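The region 'Disordered' annotation in TrEMBL covers 1-30. The annotation compositional bias 'Basic and acidic residues' is assigned in TrEMBL to 1-15. Under the heading transmembrane segment, TrEMBL lists 39-56, 76-93, 105-127, 139-157, 169-191, 203-224, 275-295. According to TrEMBL, the feature domain 'Major facilitator superfamily (MFS) profile' maps to 43-305.
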Amino acid sequence: MEREMCQESAEKSTECFESPLDQQDSIDPRAEREAVRRSDWIILPITFIYSFLSHLDRSNLGNARVAGLQESLKMTDYQFSIALTVTFVPYIAAELPINLLLKKLGANTIIPLLVTLWGLVTTFQGFVSTYQGLLATRFFLGAVEGGLYPATVLFISNSYKRNEVQFRISLFSSASALSGALSGVFAYWLIQLDGVCGIPGWGWIFIVEGIFTTLCGVAGFFIFPRSLSTCGFLTPDQRRIMTVRLEQDRPLEVQMTEEKFSWYQVACAFKSPHVLLAAASLFMIGSNLYGLAYFEPSIVKTVSL
């Protein structure tokens, strides 16, 4: 019955639909390719960097542990596990509210703001001197990092045709793998600063990576566009092309842009087999990804001993 109600709600959205597009409105294929290419050079590098920094700042706790964090804060193994877990509670809770704010404030405000805030939190993490202080910083780190992935995926989905979205989201997501590969190298370099200004090596991991993230977040306020239809890095013709091609690709969404938020639709999404399968897949991927990110440095250290 509930499934039928969900389907009925979707059918009502399509009633009396008339395309807002002029059927004669055509786009030159060469100009379209150039507009998409230029959009890619604006969007993909900065989203890739933000994804890279998100994983780096979230998982550098494993490298900090090897550098002496656990001993400095006199934590047990159980307390260290709690410090890892506490990040993901607000991380999950923040995802939906951030996307709702994205719709009101725009990607050019929300995404750079999130990056700037978690860069500051990461920096402060380098100065903690107690276990409770570490828990507080990890909690706030999860709260401001949680919205990046869904906000970026939503922005990319609203900027490209349906058949173009998957490849670009894949590039965005692949930054996490690169971050995992290079985080150990960065940590090794930063540990050499141990004792400088009275700060331990593990503290410098957070401070330097946090400052760099903050600077990238501030730069995003000047680079990240609200949408490709208003992007100042595109010419007026290219902005028109990026707008028209989306309307031609999914004209129904043009009429539904002002549709109000509904918890009923959220409930319908959670009952969708596609959503449930994707959630199960991402859960298994995340279990392996973060297990390696947080504990591989400790495992390697133990083996080397």
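Backbone N, Cα and C define each Cβ position, glycine as well.
From a predicted model like this one, the values you see are computed outputs, not experimental measurements.
The stretch in closest packing with the transmembrane segment (76-93), judged by the count of Cβ pairs under 8 Å and taken from 39-56, 105-127, 139-157, 169-191, 203-224, is 139-157. When Cβ-Cβ distances below 8 Å are used as the criterion, the transmembrane segment (105-127) is approached by residues 50, 53-54, 57, 60, 98, 134, 137-138, 140-141, 144-145, 147-148, 151-152, 155, 199, 202-207, 209-221, 224-227 of the same chain, each at least six residues removed from its ends. With respect to Cβ pairs under 8 Å, the transmembrane segment (169-191) is most closely packed against 39-56, considering the stretches 39-56, 139-157, 203-224. Beyond the ends of the transmembrane segment (139-157), by six or more residues, the same chain brings 43, 47, 50-51, 54, 57-58, 86-99, 101-102, 107, 110-111, 114-115, 117-118, 121-122, 125, 165, 168-169, 172 to within a C-beta distance below 8 angstroms of the stretch. In the predicted model, the domain 'Major facilitator superfamily (MFS) profile' (43-305) has a mean pLDDT of 88.
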